[in-house]
Amino acid sequence: MAEDKSKRDSIEMSMKGCQTNNGFVHNEDILEQTPDPGSSTDNLKHSTRGILGSQEPDFKGVQPYAGMPKEVLFQFSGQARYRIPREILFWLTVASVLVLIAATIAIIALSPKCLDWWQEGPMYQIYPRSFKDSNKDGNGDLKGIQDKLDYITALNIKTVWITSFYKSSLKDFRYGVEDFREVDPIFGTMEDFENLVAAIHDKGLKLIIDFIPNHTSDKHIWFQLSRTRTGKYTDYYIWHDCTHENGKTIPPNNWLSVYGNSSWHFDEVRNQCYFHQFMKEQPDLNFRNPDVQEEIKEILRFWLTKGVDGFSLDAVKFLLEAKHLRDEIQVNKTQIPDTVTQYSELYHDFTTTQVGMHDIVRSFRQTMDQYSTEPGRYRFMGTEAYAESIDRTVMYYGLPFIQEADFPFNNYLSMLDTVSGNSVYEVITSWMENMPEGKWPNWMIGGPDSSRLTSRLGNQYVNVMNMLLFTLPGTPITYYGEEIGMGNIVAANLNESYDINTLRSKSPMQWDNSSNAGFSEASNTWLPTNSDYHTVNVDVQKTQPRSALKLYQDLSLLHANELLLNRGWFCHLRNDSHYVVYTRELDGIDRIFIVVLNFGESTLLNLHNMISGLPAKMRIRLSTNSADKGSKVDTSGIFLDKGEGLIFEHNTKNLLHRQTAFRDRCFVSNRACYSSVLNILYTSC
């Protein structure tokens, strides 16, 4: 009976097209039963005969494997040997994801803000008329700058800063702007500017440009409309009635121009006097007029749309004047008022840094913020307020919750006419002590409005000043030519007659020893080149291992690669009339840099007595004398030549900023600690 039943089942399955589930198992225990050896062969034959039904198999009706039924799948998956590993893997995955999320949140919360592009490396300031002439007309231009971008990148520069190139009159070195939206033909075309922006960005660099909001040229269309009282332009400038006595114009008050004499000039067209803080060809805009403020913001938007990465706002302390017309107070009160003609003879309490001026500057910052939303496209804003006291200058950083300038340009080192360890220390500490907490410092040793370093202090101080520049905390800023030690030009007959002192610092860049120092192929250049260009030029110094250019490149590279320099603490050790000594250090890095700079005559320094735990000998990481690089010197008797600088590297865990004795002598902008295990910075030190 059993055999007949088996046959019937097999026949039925064949008739159904062999839709069998060969993976089906009634009971797991059946698989573990040992078959009867005696019946194995018979059962196999019977089964084969029952299923196939003939000698030759017929697969025509066979369908694909249908899979395990749901009920069976649940039965298997519910068994302990499958369920437990599955649950373990699931909860391990959940735990891993939660750990990763928590770690990510912790890293973000504890990590300091990454340095922005304007903090990461040096800025290079270019006076475009003197950098490189591309069209043989004797004037530097925008194409010339583009041609020299490879040189700039070789210096490890991160930001190119170009001074005024707007369409302007020749007065005051192109700072009397006729059209803020046009490139002066001397420098090229708007297409040249756009190509320059693209080339700078292709090199991974950023571009900031000068912008002078305080005044325009008297040839500007706004002024022409204002002097004829045309519509809204009537009050775009500062106009007041003047009186006339014996054919002489009597101004409204005793306010003086920066260049001397009255800051009021009578205009015959309007029959009134207009106010000018600078030259009479540069009338001051009326920033108490909201339309003027909006016009300036529109100009900022125009250049931001062109792709510039930021602005240097010049002469911002002059934006507002007092509403009243009271006389400013004389420095020498016994001086006869009619003889007061020089700017330095008055206290300028009514014509500079007026209430509301910082609000205007903040509004410029807000305009730039509208273009700073894309990652990596933050728009920088710096301010120039020349000859301000440090406590007033740092006010341009803004308030804790109201941002203003990213930093006001710090030109106080470039104002030193004599140098010593004491004077350098005073400039450094004055800035760091007055700078608001959490703000970023910057340093300049030269600029277009000051005498060049070599001529001001002496050629022997070029290298040590550049070493100072790159080892101080913050952004180093270099005026073109300072990297090779260019000096002022000495010429009896200059092409243009303005302030001779500042004109001499704008001489053509010295590229090589060919005609015109490689600056131009023209027969005449707008200013003569310095007579020392045969020996002081880029090509010569490229091949000299001990040149100023080679040291500059080494310093720039060290600054870029060392967290101690670009993120670390600055701790002052000692200074006197000769030298200044300080350290750069960072929590988590068990070594420090000890910087020793001599600004006086030759001297002997005992460094071992300044810092406890110093070894008898210490290795020089970098020196103004390249022959000393890598050597070890006796720390108890370090001989320093005039203008010599040394950077020592010392392995220690005893950092100075943690010590009570140095607590008031250490500064840091944004506190950070380094984890060598994770290779990250964090703030919870």
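The backbone N, Cα and C atoms fix where each Cβ goes, and this holds for glycine too.
The Ca(2+) binding site annotation in Swiss-Prot covers N214, D284, F318, L319, E321, and the record cites experimental evidence as its basis. Within 10 Å of the C-beta of F318 (Ca(2+) binding site) we count 24 further C-beta atoms, all protein chains included.
Annotation source Swiss-Prot lists compositional bias 'Basic and acidic residues' at 1-11.
Counting every protein chain shown, the number of other Cβ atoms lying within 10 Å of the Cβ of C242 (disulfide bond) is 18. Taken residue by residue with DSSP, C242 (disulfide bond) is part of neither helix nor strand, so it is coil. Residues or ranges marked as disulfide bond in Swiss-Prot (evidence: experimental evidence): C242-C273 (among others).
Sequence annotations record features per position, and here Swiss-Prot assigns disulfide bond to C571-C666 (among others) based on experimental evidence. With a 10 A radius on its CB, C571 (disulfide bond) counts 23 other CB atoms from all the protein chains.
What Swiss-Prot lists as disulfide bond is C673-C685 (among others), and the listing cites experimental evidence.
Summarising the annotation, Swiss-Prot assigns N-linked glycosylation site to N214 (among others). Close to N214 (Ca(2+) binding site) in the fold, though at least 6 residues off in sequence, lie Q277, D284, L285, D314, A315, V316, F318, L319, each with a CB less than 8 Å from its CB.
Look at Swiss-Prot and you will find N261 (among others) tagged as N-linked glycosylation site. Its Cβ taken as reference, N261 (N-linked glycosylation site) is surrounded by 13 other Cβ atoms within 10 Å in the chains shown. In three-state terms derived from DSSP, N261 (N-linked glycosylation site) belongs to neither a helical nor a strand segment and is classed as coil.
Secondary structure from DSSP puts N332 (N-linked glycosylation site) in coil. Annotation for N332 (N-linked glycosylation site): spatial neighbours E345, criterion Cβ-Cβ under 8 Å with sequence separation of six or more. Swiss-Prot lists N332 (among others) with the feature N-linked glycosylation site, giving sequence analysis as the kind of evidence.
The feature N-linked glycosylation site is assigned by Swiss-Prot to N495 (among others).
As annotated by Swiss-Prot, N-linked glycosylation site applies to N513 (among others), with the evidence given as sequence analysis. Counting every protein chain shown, the number of other Cβ atoms lying within 10 Å of the Cβ of N513 (N-linked glycosylation site) is 14.
Sequence annotations record features per position, and here Swiss-Prot assigns N-linked glycosylation site to N575 (among others) based on sequence analysis. Annotation for N575 (N-linked glycosylation site): spatial neighbours G421, N422, V424, Y425, V581, criterion Cβ-Cβ under 8 Å with sequence separation of six or more.
The phosphoserine annotation in Swiss-Prot covers S10 and rests on similarity to another entry.
The feature region 'Disordered' is assigned by Swiss-Prot to 1-56.
Summarising the annotation, Swiss-Prot assigns topological domain 'Cytoplasmic' to 1-87 and lists sequence analysis as the type of evidence.
For the topological domain 'Extracellular' (109-685), the predicted model reports an average pLDDT of 94. Summarising the annotation, Swiss-Prot assigns topological domain 'Extracellular' to 109-685.
Annotation source Swiss-Prot lists transmembrane segment at 88-108, citing sequence analysis.
Around D284 (Ca(2+) binding site), taking its Cβ as the centre, 22 other Cβ atoms fall within 10 Å, counting all chains. Following the DSSP three-state reduction, the secondary structure of C673 (disulfide bond) is strand. E321 (Ca(2+) binding site) has a Cβ environment of 22 other Cβ atoms inside 10 Å.
Cβ neighbour count for C673 (disulfide bond): 17 (other Cβ atoms within 10 Å of its Cβ, all protein chains included). Comparing Cα positions, C673 (disulfide bond) lies closest to C571 out of the recorded positions N261, C273, E321, N513, C571.
DSSP classifies L319 (Ca(2+) binding site) as coil under the three-state reduction.
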